[in-house]
Amino acid sequence: MRRTKRGTARMKRLLVLGLLLWLCALFYVGIFLFVGGFLLVRLEVNRTSTCEDVLSPSAGSQADFCRTQPRFRRAVVLIIDALKVDFARYDHSNLSPRPYENKLPVLQELVSLDRSHAGLFTFQADPPTTTMQRIKGFTTGSLPTFIDVGNNFASSAILEDNLIHQLGQAGKRVVFMGDDTWENLFPKKFHRSLPFPSFNVKDLHTVDNGILQHIYSTMKGEDWDVLIAHFLGVDHCGHRYGPDHPAMADKLTQMNGVIRSVVEHLQNDTLLVVMGDHGMTDTGDHGGESAKETEAALFLYSHAPLFPAPASQAEPPVVPQTDLVPTLALLLGIPIPYSSVGQVLLPLFPPPGHPQGGRSGPDQSEALWVNVKQVNRFLQTYSSMANDIPPDRLSELRAAFAYVSSAYLASVQQGAPASPELLRSMQAYLTSVRDTCRASWARFHPLKMAAGMVLLAGACLLCYLLSELSSAVLTEGALRAPLVAGVCVGVCVAVAQLASQGHLDAPWCLAAAAGSSEVLFLWRHRRRATHSSKSRPSAPSQLVGAALLVLALRCASLLSDSYVIAEGRVVTFLLCSLGLYVPLRLNWDGHLLPPPSPDSQKPPGALPAIPLPAWAVRREGVALCLSLAVLAGSLCLSLALHACREEQGASCQPSAFLAPLARMQDERLRNLHYLLSLAALAAWTHLLYRWLRHYGNLNAPGAPAVFAARWLLPAAAVLTGLHWAVSATPEDSFRSLAELIRLAQSVLPRAAYAALGLGVALLWLDPLTVFVKHRAPASASTHHLPPPPRYRASTGISPQAELHHLIPQLYQRIRHSLEDGPASAAEAAGGSSGQDGRPAVEAYGLGTVYSAPLVLLVGLLGTGVLLLHPESLAPAFLLMLLEAAALLHIHATCTTLSGQQGDHATGFRVPWAPVVLWSLAACQFFHATGHLPTFASLQWGAAFVGFPDGHTGTLLPATLVTLNTFSSHILFALACPLLLFWPLVTEVRCNKSGRSGGEESEDVVMEMRLRENPQQFSSALLQLAARYLFVCGAQVFASVCAAAVLRRHLMVWQVFAPKLMFEASGFLVGSVFLLLGVALVLRVDVAVSGWFKRLLPDASR
C-alpha cells in the first residue's frame, strides 16, 4: 500500500514535468516551422566566373581578359570597422568639434589637392549591419538575407564566388592582417595572413597595433599584390565608450596617421581603398538598418589619375557596397564574381571615346557591358535553379537585356561610341535586376508559415484547457497516447518522404508529429471532460475577465509598429492598469470591508469560508495599499532606465544609467553612480538574506542551501562590487597597475561565477532549509503556559518570531501524511507530544520549505545576470525585486481577502490576473534593463565579463549575451511558482491573533497545506505553469500573426521581424527556466518526503 502511494506521487511529479515539456515542445516546433517559412535563406549559386566570360564583342574568341594589362597592378584595402561617413567629413568652420568630428583631415586634404586622384563617397551598407555580413556583401557583391544576422557569432566559410577567390585564380598574392573573421570566411585563401582576435570589444589596441607592426614592412616588399588590413579599434571604441568620447578622438587620430603613412608608401600603380563596413548609432552600436548604421565612408586614392572627369560635389555621393565588387574587379583585371548584383562605379572609368591618356582598362560602356553580361548570366542561372523570381518580371528583364545587348553590339559594329541613352539603359537594367533580387529574396513560404501558426494556436489552446482542467488530466496514461501517436505519425511522414523524394524534410516531420499529438490529446480530453463534470471550471466568470482583456490588448499592440516602438511604455501602462484594477475589484465585491455580524441575513455563500476579523481586514487593506505604492513607485522609476530606438528620434533621450561607468568622463558623476550601484547591490543581497532569515530558513547548521545563502551569495555580491570598481577605472589611470587591473578583470568575475555556480549546485543537491529541534517533555506544572524555545541561540531571531514561524504539532501531521491507518496515527500522536501540549518536534523553516529554495535560486541567478549588465543598472535589478515582491503581496492579500485561502475546494488556484501581471513585469523589466527588441541594442560587452582576452569558441559568449538579454524573462519565469506559494507564506499574518480561536495553531501550517493535499498540489502547479505558458505563448502567437499579416509592410524588417525574433527567443529561454523552477519545486518535494522518512523511521518500514 505505501509503495503504491509513493509510486503514484512519483508518477505525478513525472507527469507534471512531462506535460509541461510536451507543451513547450509544441511551441518550439510551431516557432521553428514559422521561422523556416518567414526568414528564408536565399539559394547560393556555387559557380565561379572565368576569364573567358569577360570578352568584348570586338575581341576574338581567343582573347583573355585576365592577360590584359589591368588599370592597377596592386591595391591596398584599409577597412576601418564602423567608419561612419560622419567621421570622414571635415568642416573648417567647426571650431569646437566633438570627439568624432574633424579627426580625419587627411581625407579632405587629398580630395582638395586634386579631385582626379581622390574621391570620398557615402558607402551604403545593406542591413543587417554586422561585420560578417558586410564582409560577405563587399566581397561577393550579393545581397544578405535577414536570417544572416544570426551567423555573426559563428562565421562560416563563404562558398559563393568572391573577390578573394578571383584574385587567387588570377595568380595575385593576397596578404591579410587584422580581424580574424576573414580567416574564417576565407580559409586557406591568402598568400599570407596575420589574424588577430576580434570579438573582445573592450580591447581597443591589440588588433590595430598588430597591423601597424607589419603593414609598412609588407608594403615595402614585393611579395604581395593586394594588401587587406582590417582595423577594429574604432568599432570597439564605439561599443565600449560610444562615439562621443575622448577615446574615439584618439583612435580616429591614430587612423588619420595610418592613412597618411600608407599614402606616402604607395606606388603609382597602386590603388588605395579606405572604407568602413558599417556605421554606428549614437551609443556606438550597430546591426540594424537606420541611416547612422548603414552609412559608412568610402575613400579612393591613387598617385595616378583615378577619376577621368571629376565632379565637384558638396556632399559625398552614395555608393552601395555591392558596387565596389565589380569596380575593383575591373580595375584589377579579374572577372566579376559570379553572383554579384553590383553596378560598376562609372566615375572611375573614362567616358566612351574619351582619350585614356595612356591608361589601360575598359571605358564606361565596356565596363557596363561586362557588368551587364555578368549579371544577366547570374540571373539566368539563378532563375533556372530557384523559382523565387516571378515569371512576368523575369520576362521583362530578359527583354531589357535583349534591347541593351542589340544596341551595344550595333554600336560596336558601327565603330561608334555608346550613346548616353544606352549607358543609362544599361544602368537601369542593372538597377532593375538588383531591385528584383532584393524583392524576390524577401519572399516567404506561406504553407510553412500557416502550419506554424496553426501549431502555435493549438499549443495555446492546449495550455488554456490544461490550466482550467488540470486535475482531470493528471491521471496515468493521459500523455502516453498522444506522444506515441505523434512519434508514429512523424516516422510515417519521414518514411513517405524518403520513399517519394529521396530526402528527409525535418520541419514537416516535426509538424506532423506535433499536430497529430495535439489533435489526439484534444479529442481524448474532450471525451473525458464530457463524463467528468467535476473537471469543469466552477467559476465561468474567471475564464474571461479583466486579466485576459489586458492580455488581448497586449497582443493587439504587437500588430502596430508604433506600439512596438513604444513597447516599454505600453507594457508599463498595461501593468499599472491591471495592478490598480485588482484592488478596485476587491472593493467592488466588498472584500475590503469588515465582515458583517454573525446574525446577518445574507446567504452563507456570500461570505468567505472562514470570515476574517475586522482587524485582519484593515491590516490586509493597509498591506495592499503599501504594495500598490511600491508597485507604482517601481514602475515610475523604471521608466527612467529605458533605452531609445532610432525610430524615436530626438524626442527620446536614453537613460544615463545605461552606459558603463568607464564611459563617464565626469569623475564625480562616475563615483556617484558607483556608490548608487553598490547600495542597490547591497540592498538586493540584504533583502533576500533578510527574507530567508525572517522565515527561519537560515537556522540549519551544515545545510548546503543555508551555506549558499549565508556565504556564497554575499561573497558573489562582494566580488561583483570589486569587479565594478576595477572595470570603472579609466585606462590612463594607474598605468603601473595595468597588468594587475587586467588580471582582476578576469579573476573577480570568474570567482563570482564559481561561487554562484557552487551555490546553485549545492541548492539542487540538498534544497531543504529546515531546522529540527527535539524537545524533552516538560513538567506538569508548566502545562498551562507554553514556555519559550530553549534552543533560541541558534536561530538568531527573537522569541516571538521564533514562535511565530514554528510549525506546531508537526509530529502528528507527519504521522497523518505517512501512516496508513487512523488508529496507528492516533496512537503515535498520543505518545509523541510533551506533557505541556507542545509538540515533541519543533521545525523552523518548514512553512516556507518550497518557496525558500526558489527565492535563493532567484537571488543567485539574479546576482549572476546583474554581473553581466553595466554597473549602473544595479538599481534596475533592485526595482525588479521590489516590483516582484509587490506583485506577490498584492496577489497574496487579494487571495486572503477574497476568502480563497480557507477554501481548499479551489485547489490552490492562482487566478489569471497575477499570472498576466507576472508576464507583463518580465517584459517591462526587459526594457527597464536597457534592452530593446533590436539587434543594435544587444549588449555584446556581456560576453567579455570575466573574459577580457576573448574566447576560443562561440558557445560561451553566445550564452553570456543570451543571459544578459533575457535576464528579466529568466528571473520571472524561474520565480513563477512563488505565485502558488506566497498566499500560503503570508497566511500567518491573519492567523496570528486568533482568527479561528483556539484552533489557531492547527490552521497556521503555511506551505504544509500543499503537503497535505498532494493531488491539489500537483494540479495547482501544472495549472500555474500552463497559464504562464499560455500568456507568453499568446504574445508569441501575436508576434507571429503580425509578421505574417504585415510581411509586406514598410517596417517589417526594421520592427516586426526583430520583434518576432526577440519574442520567440524570450519564450524559448523563459520556458526553459520555467521548467527549471517547476523541477526545483518537485525536487524539494522529493527531499521533504525523504526528510519525513528519516524523521520517522517507523513509517518507512
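In case you wondered, yes, glycine gets a Cβ from its N, Cα and C as well.
Features of the protein shown, as given by TrEMBL:
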TRANSMEM  14-41  transmembrane segment
TRANSMEM  447-466  transmembrane segment
TRANSMEM  478-499  transmembrane segment
TRANSMEM  505-523  transmembrane segment
TRANSMEM  672-692  transmembrane segment
TRANSMEM  704-726  transmembrane segment
TRANSMEM  849-868  transmembrane segment
TRANSMEM  873-892  transmembrane segment
TRANSMEM  966-985  transmembrane segment
TRANSMEM  1028-1046  transmembrane segment
TRANSMEM  1066-1092  transmembrane segment
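Long-range contacts of the transmembrane segment (1066-1092) within the same chain: residues 6, 9, 13, 16-17, 20-21, 24, 27-28, 31, 763-764, 766-768, 770, 814, 817-818, 849-850, 853-854, 857, 922, 926, 962, 966, 969-970, 972-977, 1011, 1017, 1021, 1025, 1028-1029, 1032-1033, 1035-1036, 1099, each at least 6 residues beyond the stretch ends and with a Cβ under 8 Å from a Cβ of the stretch. Only residues 6 or more beyond the boundaries of the transmembrane segment (478-499), in the same chain, are considered here, and those with a CB under 8 A from a CB of the stretch are 15, 18-19, 22, 505, 508-510, 512-518, 520-521, 524-525. Contact counts against the transmembrane segment (672-692), taken as Cβ pairs under 8 Å, peak for 873-892 among the stretches 447-466, 849-868, 873-892. Listed by sequence, the residues of this chain that lie at least six past the ends of the transmembrane segment (849-868) yet keep a Cβ under 8 A from its Cβ atoms are 681, 684-685, 688, 691-692, 695, 697, 705, 708-709, 712-713, 716-717, 720, 723, 749, 752-753, 756, 759-760, 763, 767-770, 874, 877, 880-881, 939, 942, 945, 960, 963-964, 967, 970-971, 974-975, 977-978, 981-982, 985, 1007, 1010, 1077, 1080-1081, 1084-1085, 1088.
Outside the transmembrane segment (1028-1046) by six or more residues, the chain places 20, 23-24, 27, 31, 34, 38, 449, 452-453, 456-457, 459-460, 463-464, 467, 551, 554-556, 558-559, 915-916, 918-919, 923, 973, 976, 1052, 1056-1057, 1059-1060, 1063-1064, 1066-1067, 1070-1071, 1074 with a CB less than 8 A from a CB of the stretch.
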